[in-house]
Structures are given as structure tokens and as C-alpha cells.
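Trainee: This structure is in C-alpha cells; I'll ask about it shortly.
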Amino acid sequence: MLNYVIKRLLGLIPTLFIVSVLVFLFVHMLPGDPARLIAGLEADAQVIELVRQQLGLDQPLYHQFWHYISNAVQGDFGLSMVSRRPVADEIASRFMPTLWLTITSMVWAVIFGMAAGIIAAVWRNRWPDRLSMTIAVSGISFPAFALGMLLIQVFSVELGWLPTVGADSWQHYILPSLTLGAAVAAVMARFTRASFVDVLSEDYMRTARAKGVSETWVVLKHGLRNAMIPVVTMMGLQFGFLLGGSIVVEKVFNWPGLGRLLVDSVEMRDYPVIQAEILLFSLEFILINLVVDVLYAAINPAIRYK
């Protein structure tokens, strides 16, 4: 297992290099001139050219790329074109709000999603199954931005129960986490149901029932453990989705996280911040997939990696 983990970690190097190249080319293909945006619409050509020189945008593209890669290897992603602060500091100040929002959303989504999926599988083709799957389909179909605005209108504007802006207290996490985790809970419910339906029809489940084991114990001990392997895969993918896909939710709730920082950076063509954030999201996805593979072996000892 240790050798497998080491090989996967070494595989990060070429993957992140390819991502770095693609991201660099992508951001430089975006329409718009960062120097003009930073200098202002009323700036003349001389001022804009001066800003371009200060930002290093007057240099050849290959020179900019080499400067970016050589510094990134050392952990230096440069300065933000807008704030003139180190990119690492910009990301660090926004990382924890996004991480806590993601964890909060994931916790409730997994608990409710798996519970709904198990109930739907145990009472298959009956009203609990139909009700759970109807709610799940609605959660998948409803756009996150529309759900966010609906929750704001009901619980903040009309009832005045919850705040909408900021991340200062636990109340600020309720509406964004509900919005962000709704689709994940729906996906988890459908995926858990499908996995449990397959497991419940296995021979060892019938054997456990024939031995007089209670249905609750059969489901929790024998069913849950064997149904968890595909569910863990989905959990890992959804966690990565939440980390990188919170852009819309953070924009709706004006959340001080990485998603809003990325949107603001794209609007201002802040190349260093865009490049660093996308690279960070890629690294998160790779590491999450590695953790999922390790959890496979923990859940099912029959799985071994070489």
C-alpha cells in the first residue's frame, strides 16, 4: 500500500505540469487586457503601457511562462495584479471559509443522502422509496443559484431568521451549506439506493436473515459495509466537486471564499490568481481520489494495491 501511495504521489508531478501549461495558455487566451482593466477605462495608451510593463505583460509569452513555472516550483505564484499582494496570501485568506463551507455541506449531505438512500432501498417500490427519490430528483434538477435566492428570500428577507452575507458565525453557514449540499445529498441518495438494492439481493444477506438476525442488524452490519465501496467513490468525487464547484453559491451569498475570489479574478483578468487557484483545485481532486483509493482497502480488506 505504501509503495502504491508513493507512486501516486510521484504521478502528481507530470499531471500538475500539464495542468499548469493548459491553465497558462487558457488565461492568456481570455479576451480583455488586464492592464486596461487595472489602469481604468479613462487611462491613455501611455499609462496602459506603463502598467503592462509593471505587470510583466510586455514580455514574450514563452518568457512569461518560464517565469511562472520556475517560480511555481518554488511555491511562489507571484503577486496579484489587482491587490499587489502575494497570491499565496490571497488564497490562504480565502481557503478556510471555503473549506469549512465544503465540510459543513458534505456532512449534512452524506448523512441525509445515505439515510434517504437506505430507506428507499429497504422499502423499495413503496411510498418511502417514491418520496425519497422524488425529493432527490428535485434536488438534482433545481439550480443552485435559484435555490440560494429562494432560501435568502424566505429565511432572510421574509422571516429574518438567518443572515445572508459574511462568514462570522455558525448562522452564516446554514443557507450556503444547504444550497451547496442539496445536489450532493440528492446524488448520494440515488447512488446509495442503487448500491443497497444490489447488496440486499445477495446470498449472504439471505443467509443472515435465515439465521434469525434482525432486519436492522442485517442492513447495518452486512448491507452497509458492502454497499459503501461505490458510495465512497461518489463521496470523494462529490467532495472535490464541492471544493471546486462552490463558485455559484459563493457569488450568490457573497461568501469570502475561493470561489468568489476566482470569479473576481476572471473578471479582472488577474492571471496569477487564476492560475494558482485552478492548480490548487486540480491538486485537491488528485489527493481526494488517492484518499478514496486508500479507503477502499480499509472498507474491504480483500482489495489490495500494488
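Yeah, the Cβs are placed from backbone N, Cα and C, and that goes for glycine too.
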Trainee: Do R130 and V252 come out on the same side of the membrane in Swiss-Prot's annotation?
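Mentor: Going by Swiss-Prot, R130 and V252 are on opposing faces of the membrane.
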Trainee: Which listed stretch (9-29, 169-189, 229-249, 278-298) has the most C-beta pairs under 8 A with the transmembrane segment (103-123)?
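Mentor: Per the Cβ under 8 Å count, 169-189.
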Trainee: At a C-beta cut-off of under 8 Å, are there same-chain residues at least 6 beyond the transmembrane segment (169-189) that contact it? List them, or none.
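Mentor: Answer is 100-102, 104-106, 108-110, 112-114, 116-117, 120, 132-133, 135-140, 142, 144, 147-148, 151-152, 155-156, 162-163, 231, 234-235, 238, 241-242, 246, 249-250, 252-253, 255.
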